[in-house]
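Straight from TrEMBL, the features:
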- 1-17: compositional bias 'Basic and acidic residues' (COMPBIAS)
- 19-33: compositional bias 'Low complexity' (COMPBIAS)
- 676-767: domain 'DYW' (DOMAIN)
- 1-33: region 'Disordered' (REGION)
- 193-227: repeat 'PPR' (REPEAT)
- 228-262: repeat 'PPR' (REPEAT)
- 360-394: repeat 'PPR' (REPEAT)
- 395-429: repeat 'PPR' (REPEAT)
- 430-460: repeat 'PPR' (REPEAT)
- 461-495: repeat 'PPR' (REPEAT)
- 496-530: repeat 'PPR' (REPEAT)
Amino acid sequence: MIRKAAETLRSASERRRTSLCSSSTPPSLDFSSKASNEKGLCAPFSSSFAVSTFCLHLSPAMEINLPGICNMTSDLPRIQNHDASRFSCSSVDAKAAKRAKLEPFGGLVLCSAGKIRSCAVVRCSTSQENCLRPKPQPRPKKPVVEDVAPGSNSANASGLCSQIEKLAFLKMYSEALELFEIYTSKRRLVAADASTYDALISACIGLKSTRALNSVFQHMIDAGFEMDQYMWNRLLVMHVKCGMMKDARRLFDEMSERNLVSWSIMISGLVDEGSYGEAFDLFLLLWEEESDASPRIFSTIIRAAAGLGFTLTGMQLHSCVVKLGVTDNIFVACSLIDMYSKCGCIEEAQCIFDELPEKTIVAWNAIIAGYALHGYSEEALDMYYEMQGANVKMDQFTYSIFFRVCARLGSVELAKQAHAGLIRNGFRSDIVASTSLVDMYCKWGRMEDARNVFDKMPQKNLISWNALIGGYGNHGMGDEAVKMYERMSKDGMVPDHVTYLAVLGACSHSGLFEKGREIFESMCQDPKRSPRAMHYACMIELFGREGLLDEAFALIKNAPFSPTRNMWAALLTACRVHKNLELGKFAVEKLFGLEPEKLSNYIVLLNIYNSSGRTEEVANVHNALKSKGIRLREACSWIEIKKQQHKFLFGDKLHPQKVQIYEKLDALMDEIVKLGYIPDEKTLLPDVTEDEQRMLTYHSEKLAIAFGLMSTTNFTPLQIVQGHRICNDCHTVIKLFTLLTKREIVVRDSSRFHHFRCGNCSCGDYW
């Protein structure tokens, strides 16, 4: 019976193949006929499928398989319309089918239970090569809008509204608003559906367009659209997200009915805007009316307490959430951690973090950022490692915080490892994390790495540009800083006061007098960019570097505000370098009036008197320090070798390798004497004692450099960090060290970076 059915089907397929190849209007293939079902040869196929290949397999087990079906929806109209010119069929005999390895189509695999006894294959294709091609993906097309004649029925209008909703769903907001303009021009005072207005509100929020907002809102009012509570809240969100807080507050006050969502939207908008006081007033009004608040509202108002730095208020809010039993809410808990961290109560923040039943990435970020904010970099690093041990996946904010911690600790190697993780986890394009990475590399002199990260950023904001320009300036690369400033202006980015501070600082550090003066004068000519005190300080330093002390002093006198300590300090530095005793004494007296307890002011004055041979004045300064109880602290320098920090004091005898270090340093000093080195004993080292000054050979930075030279391979750059300003003698010695060893040495002191290469320093001997 089965063999007879197989022969019948084989002869039918031969006849159909002959008919398809000879006829100009081939009939459509249909294997869902009643006769086929009655014989049990195949099951009915769906109308959305067409047969592309079918095979009859006769196995020893007498099994019949017909699996060759693929999705050919796009070809059905041509099959049904008998378009022979665009649809062709061909046959493949059993041997060819056996030789060909038929690939599975539509998730079905051609198979047989045993040896193929006979096979009939029909291959259909829409190409001249008679081969199957995948179904092409449709490209999104701009909807065709039909003209809506006045007086026509509402069918066209509803279709237009439907298209607006679809465009808004696809985030094609501009196109959706264009269709809305067409809708309003044809049907001016006919209200749309609530779903259409909801889609238009999403478009206004997405584009942050106040013009579109006013158009949509006015049409809703003019058309007499009746709004429920949901639509009122959506309108409120639209005004808040578009930055129209005054209109949002007016709308909020005019609402006849408000729920907790309405209060939450308004309070959140005020907090995001920075109007913390107004947000508190609104929260108190809510508490009077409702005596209740959602966890989201508590989370928002706790952020306001953090913004104002009100620790006591934050504690009262903490008590409220404890009484209401919402401390387990992750948003409330994270807000409390952030509030206590910003208010300096890091122990309370740690207690809340420890009590969390489930620690999310937001909670980890909040506690790590809290430690980093207050200078607890080691503790922040420990929390970071604990988070990794808990198998919590880092996000872009975690990387941003970690890069700031690395910048503070000077752990460039750890930052490089995190940089690799940033790329591996797909956060390279994140602007916040990438900007933090640029800033970290800039702070530690890795300008090539910083520029590489900057150039690969798909989007850059003003903070990114400022970080790179400031990095170039701090490292004495003023020309590069000016080039980046000019490129930023050409790219349409508007500079702010931080940008001008960075580029003016770069000009002052590199001695680009004319360029710095040009930028400063352009600021003075524009009322919107009037120079601030810090910009004046940069220009005073620039004048002082050129030896134009009278011009620098005149700039201070003619400033439109009271001179600040930075301005007088810049003038005092110029007087120290050019040995102008009288003007320097006048500047330091002004500084004593502004900062009577600051040690560095006394140190600079000591250097001025000592270099001028005024021993009596030097003694008077020492007596003044003793009477005020101000002590000169010991200088300290650090160097990182193989991811381990090594600390050195002057004349340090505590290091395990002290014998080898002193032998190395003595040998280096003997070598540079042959190069013409003469010790400078006239200047005092800032922030150190006189005993250390007498031990010029064994200053802390010299010991750190000697240890670095003996602990690293040749041509490895060294990086030293110290909390005091480098003295003249050490500055000269390090220049000679680079000339002798062919090494690059970077010293970061209290004032700036010093890049020593081939006997020169990036500061140009002015610091």
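The backbone N, Cα and C atoms fix where each Cβ goes, and this holds for glycine too.
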Across the repeat 'PPR' (395-429), DSSP yields 27 helix, 0 strand, 8 coil
Would you kindly list the residues that approach the repeat 'PPR' (430-460) from elsewhere in its chain, counting only those six or more residues past its ends and only Cβ-Cβ distances under 8 Å?
396-397, 399-401, 403-404, 406-407, 410, 412, 415, 419, 422, 467-468, 470-472, 474-475, 477, 480, 493, 719, 746, 748, 753, 755
For the repeat 'PPR' (461-495), give me same-chain residues lying six or more residues beyond its boundaries with a C-beta closer than 8 angstroms to one of its C-beta atoms, as numbers and ranges.
431, 434-435, 438-439, 441-443, 445, 447, 450-451, 454, 501-503, 505-507, 509-512, 515, 519, 529, 752-753, 755, 762-764
Where does the mean pLDDT land for the repeat 'PPR' (228-262)?
92
